[in-house]
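Reviewing the structure listed below.
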Amino acid sequence: MLKLIGVRRGLPHEVGLGLLTLLLLALVTIAFPRFLVIDNLKSLVDDTALLIMLAVGEMFVLLTRGVDLSVAANAALTGMVVALFNAHYPGAGILPVLVIAIVMGAALGLFNGLLVWKVRIPSIVVTLGTLSVYRGCVYLVSGGAWVNSGQMSPFFLSFVRFPILGISVLSWIGLLVAVLAWLFLRYTVSGRNLYAAGNNPNAAGYAGIDVGRMQCLAFVLSGAIAGLAGYLWVARFAVAYTDVASGFELQVIAACVIGGVSITGGVGGVVGVVIGGLFLGIIKNALPVVGISPFFQMAVSGFVITVAVILNAGSYRKNHGRKILERAEASS
Amino acid sequence: MSEPILSLAGVTKSFAGVRALVKGEIDLYPGEVTALIGENGAGKSTLVKILTGVHHADGGDIRFNGEPVHIGSADNAGRLGISAIHQEAVVFDDLSVAENIFVTDRPRKRGMVDWATMRERARVILAELDPRIDPRMPMRQLSVAQKHLVQIARALSNEARIVIMDEPTAALSHREVEELFTIVRRLKAEGRAILFISHKFEEIFDVADRFAVFRDGAAVGQGLIRDVSRDQLIAMMVGRSVDQIFPKTTVPIGEELFRVEGLSRGEEFADVSFGLKRGEILGVYGLVGAGRSEVMQAIFGLTRADHGEINLEGRRLTIKAPEDAIGAGIAYVPEDRQIQGGILRFPITSNIALPSLSHLSHKGFMRRSDERALAEDYVTQLQIKTSGVSQRLEELSGGNQQKVVIAKWLATNPRVLIMDEPTKGIDVGAKTAVYRLMGEMVAQGLGIIMVSSELPEVMGMADRILVMRRGRLRATFTRAEATPESIVKAATDA
Amino acid sequence: MSTLSSSVPTRRTTSKPFTWRRLLRWETLLGLVVIADFLLNTKLSPYFLSPWTLSDASFNFTERAIMALPMALLIIAGEIDISVGSTMAMASVLMGLVAKAGFGTPMVCVTGIVVGVFAGGINGVLVTVFRVPSIVATIGTLSLFRGIAYAVIGDGVLKSYKPDFAYFGQGYVWGPVSFELVLFAALAIVFAIVLHTTVIGRRIFAIGANPVAARLSGIRVDAYKFWIFVLLGAVSGLASVLLTSRLGSTRPSIATGWELEVITMVILGGISIDGGQGSILGVVLSALLIGLVTFGLSLLNVPGIVLAIVTGGLLIGVVALSSIVGYSGRRRRH
């Protein structure tokens, strides 16, 4: 007799995290009603949009059992390049800027991806290296100088701020990226194959899915999004310099992990990542409102991240049963 | 008689100069089940991997409906209508059942994956196999048997003309095997060609129409199953008689050495009690998942039993971790020698020394000359074929790797040796060497607990046979009492 | 994979132990690059060969090199810790507070190391008890520890260290030989002996090469991993003492990004990111290399950030090289 399948199914991670996020929002609002004023929310969404975009890109890489530490450096380099482009060709309009940002980001991602796919270097080593290289290149292309708002054209700066239905273009782009990523992962063959490749590389091989190619694709997507985010970042803060978004890659990975993306691949989704990003964003924006010194922000978010990864690891263990003799990861 | 749909002749394949397939020959006919029989290492899995496009053949002739073809990729295999059901259920645990079925060819509408159609088609296919499987369920929630059914559903969805089943019954209960065979007969009736790989002769005679026997990478016989007897098949398979394979020596069996009483752990196993005498080989038989390895792991301290006690030479042992078991004189040769047994990147010396480091050091510093001497001693004693003790484990053949793992445990001077599937995946010659070694070890007064899923091995080597099913001991047979039927009956559902 | 090969003669290999073969290849390569860069630096500046210049150059890398030693152990054991820079900051801040409270230099140093032990212990517990993958766990504690440093002193500076505290980061043991350099050399020797000649070292390699087989061989894998995390924490605390002493003050941003530089040093030294392989000699050579390159670039007045390109490029280049060279050998059996 075939065993009856288990009937108990826990709530999806996204629901629990979403409720927690709402609870957090509610608590902060009850204590400090002025947190929920429109201006504050707008800036929260703007701040979080960048984090969410980068985290969605990072998620692609995590899904295929890799990690991309170079996203922030990629954003800084691309941001600097488009800022310099704008300074030299102030009349070029927004379209070339967006194209350059996306193409260049994708190219930087492709470089990572090819090293992982063709040369078979572990992704953490590759991106540890390119993190330094890309960051150093920002200095090389800029000569160490800052590109200030004075050197940027009005369209370059105002594009991200332009409100549509009361919400800035920056936030709309963040939303668009998340929606496209969701559609891509849900409805395209490549998107589904990303999950399959990360979930069981061995079985993926049998099903004719090239795992290395999928990893490379993930890096290209992550790079393209990072490039776009680079322009948005530089335009939003109206300045480009070498240390833009320095260390931000860790927050990006944290948003993914909190959002339920498994570091061991194949599990996670856009919805979770978006909520994970919002969760971190709310904490970051609520602290000053609640009256906690900005210097406590990092400690609190560090604490939250640490707790979240413990819980995430716990639920992972529960789902996968206790494995005493964990199999060594099959090298694909 | 019809023409074969797929025909292989003289197919060869080597890995790093080691020939895995010397003469791969097999014909598959539409509407017939062909059983592929052979010992581990006979080249069966290599053949399957060539047919499914995972490996390229080095040479030989593959014909599909008489036309020469090149498979070479999983996509090509799919296009030819070749679909495989793998032994370990190669599936995506975190994807849905429907997606697992259609992973190679997801239904699409305007370029987008069409989930509704996918689920509906999955539901239609599954309705005939097992209506209890919901296409939306994550694969993780399915039993092993159901995972096999999903792989069969994958073959059906592809309109597969050739279905390869690689030991699909290894982890199934008797009833589940029956259900599977009903489906196999249906596939057959629909005119599909089936390649059925199994170790179990009763199944082969039950379901197959033809056979092909492989030995040491070469086809040694093909024909109709009704023209052949079980003994003839065995003779072809091993190329020698059963006595030569199992060199069972008579060893005087002494007093009781080791006793397990009332061992239980969660849902894994309950109330397991048995004794082991000096000089005895105790066979533990059961299906995959019957809880045999779990009991051994608890004895060895890898997990903690909830209840029960373990006694060695009359003393009660407290085993919290492997180091306690090793200290007490228990050794454990695990099932998977490459992942659990040895360290592939390490040389033979370090592998053999690993559990005995404290005896091979002085004040914490390694004594490399002692380490080397120990390894050389065992390489000679166990006749391990190597260019030297500094050779890395990964450069040895499977049988020699297993000898190194056994040597590593003998070096700890154990009194009880637990061997989990001691001859899994090694060739016949190496198997016999391992059996002979077991005979020598019990002659020196050790007790051996041998966990095995291979019935001939259990019957050929064990002095006493314990049978486990669903976490409990169901029967005990002496060597004289044991018959294949009685053992299998105790191991599957009563 | 084929298993019928017991009758097939196995591939002949040299009779030298595998560790030495690998050592010769990788460490020789590194050694040659070190010499080449040394000569290049000599050409670049006539002052380079003066003992005092060389001594100055050593300050570039000794603190990071000291941390690279236990980091090498950790990576060989199959784990990683990216919170070490933050651990240093947290240790430095608490040292500053202790000094401000009027305690003497011994107490300040002890505080630094104790904070490091504590931080390493937290990482160790996360990895061995809660089973969080170490890269994820230490991303969390990276923010947490750095955050604590910021929370305690904000944008302030702590600089009430006693004059004798300066010795650790600025003192000389003999002539131009600095205390930091002597400490690094001594620790490197100790780590090399422990890793390459003792039972402990052998077990660390085994844990990284195959944790399951190591566990089954009676090695307390989790205990080893925990104590290596603690050791790395303690050494990070020690490095914090050196750096704080050298700078003479504490800011919460101290040692930002050092974790990546330390890991780069370790990987460049030939330690496999997959664990189970590498040598202390390689780490020492890669530390020297990075130190010399940094110094050479500073002789050319190239800013520090450009060094990042060189280190990052070196890291990818050498790993790619070894991957391409070792590719056929590693994959042959599958």
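Glycine is treated like the rest: Cβ placed from N, Cα and C.
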Range annotated transmembrane segment in TrEMBL (choices C:28-52, C:103-127) is C:103-127
Same-chain residues at least 6 beyond the ends of the transmembrane segment (C:224-243) with a Cβ under 8 Å from one of its Cβ atoms are 62-64, 66-67, 69-71, 73-74, 77-79, 81, 84, 87-89, 91-92, 95, 108-109, 112-121, 123-125, 127-128, 168-169, 180, 183, 187, 203-204, 207, 254-255
Same-chain residues at least 6 beyond the ends of the transmembrane segment (C:134-153) with a Cβ under 8 Å from one of its Cβ atoms are 79-83, 85-87, 89-90, 92-94, 96-97, 119, 122-123, 126-127, 250-252, 254, 256, 259
Beyond a gap of at least 6 residues from its ends, the CB atoms lying under 8 Å from the transmembrane segment (C:255-273) belong to 22, 26-27, 30, 61, 64-65, 67-68, 71-72, 75-76, 80-86, 88-89, 92, 142, 146, 208, 239-240, 243, 279, 282-287, 289-290, 311-312, 314-315, 318-319, 322
Contact set of the transmembrane segment (C:173-195) with the rest of its chain, CB cutoff 8 A exclusive, min separation 6+ beyond the ends, reads 51-52, 54-55, 58-59, 62-63, 65-66, 69-70, 72-73, 76, 167, 201, 204-205, 235, 242, 246, 279-281, 283-284, 287
Sequence-distant residues near the transmembrane segment (C:305-327) by C-beta distance (under 8 Å, 6 or more away from its ends) are 26, 29, 261, 264, 267-268, 270, 289-290, 293-294, 297
